[in-house]
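Annotated features in TrEMBL:
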TRANSMEM  6-25  transmembrane segment
TRANSMEM  32-56  transmembrane segment
TRANSMEM  62-82  transmembrane segment
TRANSMEM  134-150  transmembrane segment
TRANSMEM  171-193  transmembrane segment
TRANSMEM  218-239  transmembrane segment
Amino acid sequence: MEWGKGYILWLLLGHSIVSQMSRLFMEKYKPWLLMAYGMLACWLLLGIGGLAVILLHITISFFVAQFKISVLIWACSLLLLSTLRIPAVEEQQRGWYDTENEYYLLLFTLSVRCLYNTSFSLEYCWYGSTQKCYHSFLWMLAYMFYYPVFHNGPIITFDEFHKQMRKQESYSLKSNLCILVLGVVRILFWWWLAELMIHLMYIHAICSSSPLLESVSYWTLGGLALAQVLFFYVKYLVLFGVPALIIQMDGLTPPALPRCVSTMHSFSGMWRSKSHAVYMFPALTELTCSPLLTMGSTSLLTVRGACKHSPRGFSFNAGLRRRFSAPCIKAA
């Protein structure tokens, strides 16, 4: 949860202040004020280079959307993603930042923005003729630079974002304070639980201890795998719970958080909940994690690869040991 100790949490707080002030005094201009704040926050965190690349991707996607050809839109999105792995582009972008973490933040932000580009472009392709004024470049900028979901999601489709942003509701300071207090208490509890799992259960350290994993029984390996899944779930609650709380305070309806994985017989059931964010997460994984595989395995990839096919069926133990012995990224 190191991201919470940096600038992002303060920028999210700034977004909340701008949003509440706009709801009180300038409800009509709220989308554009939040868009301007999102662009400012992007510039402060990713620099002028990162902002320029994101604007370039947005412009290219909007231009391609004018053709209203779904296949072309998907091809454009994949092409934009592939540019992130061009060695010359990588070297140039790394030179913008002092640390690898800053570069990886740009990389992941561009990947998440690509999903948002795709959402807008596809809905422009499907509904652009009947709702052309609502699928303008200005609305695309407002959608792309909505800051609570800017770096990490969750995924909100353009149609849902546009409908809810245009809907004007009566503002109640008392109800918003109740939402804030309850939400903060829940998130702090999840955050505290995640930190306990890191520092007392050694969730990250166990993954890199291959001799220990080879010496334990299958039942112990199964318990460790379940612990990894539950740790990922708790991290998910924090990483998506914070933006979901801010979205709710903005007067929008955030995607619902997932069910606890321990209540499901199949891990794939986690992605089949009613949440748009959860349902679209496999796409995010497929589109963004491939470039990162050379660096190691996250908790999610560790669990996904635990069961692998063999000529004799599922080789759970071999796959589990192989994934647990891979180095883990202590991702945010």
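For all residues, glycine too, the Cβ spot is worked out from N, Cα and C.
Because TrEMBL annotations are produced automatically, they should be read as predictions rather than curated entries.
Within its own chain, the transmembrane segment (6-25) is flanked in space by residues 33-34, 37-38, 41, 44-45, 147-148, 151, 171, 176, 242-243, 246, 249-251, which lie at least six positions past its ends and keep a Cβ under 8 Å from the stretch. Outside the transmembrane segment (134-150) by six or more residues, the chain places 11-12, 15, 31-32, 34-35, 37-39, 41-42, 54, 58, 62, 109, 112-113, 116-117, 120, 123-124, 127-128, 156, 158, 161-162, 165, 242-243, 246-247, 250 with a CB less than 8 A from a CB of the stretch. Panel annotation: around the transmembrane segment (62-82), residues 110-111, 114, 117-118, 120-122, 124-125, 128, 137, 140, 287-288 of the same chain, lying at least six beyond its termini, place a Cβ under 8 Å from a Cβ of the stretch.
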